Amino acid sequence: MSTQPRGAVPLHSQSEASANEAPAAALVRRAAALNDAFGKADAADRLSGIVSSAAGRLVFTTSFGLEDQVLTHLIAEAGLPVVFATLDTGRLFPEVYALWAQTEARYGIRIQPFYPRHDAVEGFVRDHGINGFYDTREARKACCDIRKVEPLGRALSGADIWITGLRADQSAARGGVVLAEADAGRGLIKVSPLLDWSRDRALTFAEAHRVPLNPLHGQGFVSIGCQPCTRAIEPGEPERAGRWWWEDDAAKECGLHVGPDGKLVRTKSQPAQVLA
Ligand code: SF4
């Protein structure tokens, strides 16, 4: 149930902040206010409340997974002033590109692409080989930095709020995800409106609203990233077991939700889990 009427503007931010308040402290205060106001709201009301609270540009980064498609539906159907962005690593499944086009057509939106720097990709492939990310953990992280983390920085440049499709039950590392958290490194607030949704709930919503989905989900590909780094999972395996499956389970993140110090961004119940 909603705790705020849709479109309310309960939390405006920087104008209320003390002139002497440090930017990081102001972000923490704003995130806490969003959690208090919308922590128990439904996803649509969370989104509209978050939009109303924004002091600048809102960016939703989608990788066209199930949760991202649900959020795209909610944002587009409500006509919210949110920028859609995606990171094209150059190593995505063909099905992802098809879904990208299908999603734009279905909702009448344009999803802004962010590509890796060509000289960085050329240097990585020259030094490590075309699939050098399999060789060492350091090479894998370097590839993710080049193809994902650096483009994400450009996608979020100047943004006030970053909307993501994280769910708390996707993995142990994401267990402490909260609705809103301060990302002081990027100078914004990161929000996860589906944090308390289950995968089944997202699937039920998507089917009810005919949200376009990646057909690979039906073949055991639950969490879908780059093609060479994603495999289908077996029944009973954790959702993210198919990502970087050759590495230890404890640290399967690409860096997009990891702070500049290499740690998972601090959450309410899980203070700074180390992922390196
Ligand atoms: S997921 Fe694999 S191919 Fe994609 S950026 Fe990371 S290491 Fe490179």
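Every residue, even glycine, has its Cβ placed from backbone N, Cα and C.
Keep in mind that TrEMBL annotations are predicted by a computer and have not been checked by a curator.
What TrEMBL lists as domain 'Phosphoadenosine phosphosulphate reductase' is 58-232. Among the features that TrEMBL reports, [4Fe-4S] cluster binding site is placed at CYS143, CYS144, CYS226, CYS229. If you look up TrEMBL, you'll see CYS254 marked as active site, nucleophile.
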Exercise. Taking the binding-site residues one at a time (CYS143, CYS144, CYS226, CYS229), which has its Cβ surrounded by the most other Cβ atoms within 10 Å?
Worked result: CYS143
Exercise. What does DSSP assign CYS226 ([4Fe-4S] cluster binding site), in three states?
Worked result: coil
Exercise. According to DSSP, which of helix, strand or coil covers CYS143 ([4Fe-4S] cluster binding site)?
Worked result: helix
Problem set entry | Rounded mean pLDDT for the residues that make up the domain 'Phosphoadenosine phosphosulphate reductase' (58-232) | 96
